[in-house]
Amino acid sequence: MTNYYAEITGWGKCLPPAVLSNDDLSTFLDTSDEWIRTRTGIENRRISHVNTSDLATVAAKQALARAGITAQDIDLIIVATCSPDSLIPNIASMVQKNLEIEAAAAFDLNAACTGFVYGLETGTRLIQSGAYRHALIIGAERLSFYIDWAMRDTAVLFGDGAGAVVLSRTEEAVGLQNAKIGCDAQGRDILSVPKFGTSMDRFAADNGYWDFNFVGKEIFKRAVKGMGSAAAHVLAHAGMSKDDINVVIPHQANIRIIQTLCDLSGIDQSKAFVNIQKYGNTSAATVPIALCEAVEQGHIKAGDNILLAAFGAGLTWGAGLVKWGQRVEAISESDAALPECDKSALELLKNAIELCNARRDK
């Protein structure tokens, strides 16, 4: 029987143009650029003027062009997101519609910030079954929709964006070699939006104002433990040591978590690709955006061993070992772009900030 693998043949990203800086946040929160940078590593984040599916579509078009295939070649679409345009139907179907794909399997996957790693594992195994030839794996979020802009601890962390990869079936031993995903359910309440969905009071007067539970110290401890143990597992399973890893693509949640993960794993911090300073935490989109930029900037070379690691609400966690193929250059480029935005980030958030502050003052 033929052994199939799922090579990453295309990569793309989409970042909305409106930039919300730390200084912008200090105009309506008790914070400062220094306070945010020293605690998180974040300097800016993006605020979207369009829906999550629009971000996902642009990232997908870039990935398709770089893979040198057409949308009609895709027979599987997985969108990792916890901020979809709608609950019913899924937004993978919207991406499929936007790309004018006639027939493909399409579904959303919610593992919060670990979503892309879960999606990559799922897509890879489906391709290895022999049933699919080309898959789009997308991480896309519009987290600004959820944020309580009167709550400093979370308002400074998150941003909007999308990243995508194309997986293509091959007999060469490249792509995701193995992964370890899991969930620490005892910590599910320390990072959550608990009253969104059927648990909410549908007719309550304050619908639309969701509590965002965030217990930072406990999240830090559990995140490092979950990612660290998953990373150790995939290396042991592959018979590799830390020295065999060329590049680490970690979830971009907090610079201190990234540094601690590397230190505990014995991996030099210089091997970790970091772009949290530009985009903040884009949840399921952080890993594919970082992967895309690592390729674009020449950090990933042909044949590299790449360690992915992430954690998220649930508390989900996961790591994966990717063997890069021989091609690091795009076959072609796409001119896909979002519609123009004529507002600043603060202008886009004006009503949300006012309403969140009014609720806090009640």
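Along the chain as shown, the residues are counted starting at 1.
Heads up, the Cβ atoms here are built off N, Cα and C, so glycines get one too.
Residues annotated as active site in Swiss-Prot, with sequence analysis given as evidence: C113, H251, N281. The region 'ACP-binding' annotation in Swiss-Prot covers 252-256.
As a whole-number mean, the pLDDT of the region 'ACP-binding' (252-256) in this prediction is 97. Sorted by the number of other CB atoms within 10 A, the active-site residues H251, N281 start with N281, the lowest.
Look at the region 'ACP-binding' (252-256): DSSP puts its residues at 2 helix, 0 strand, 3 coil.
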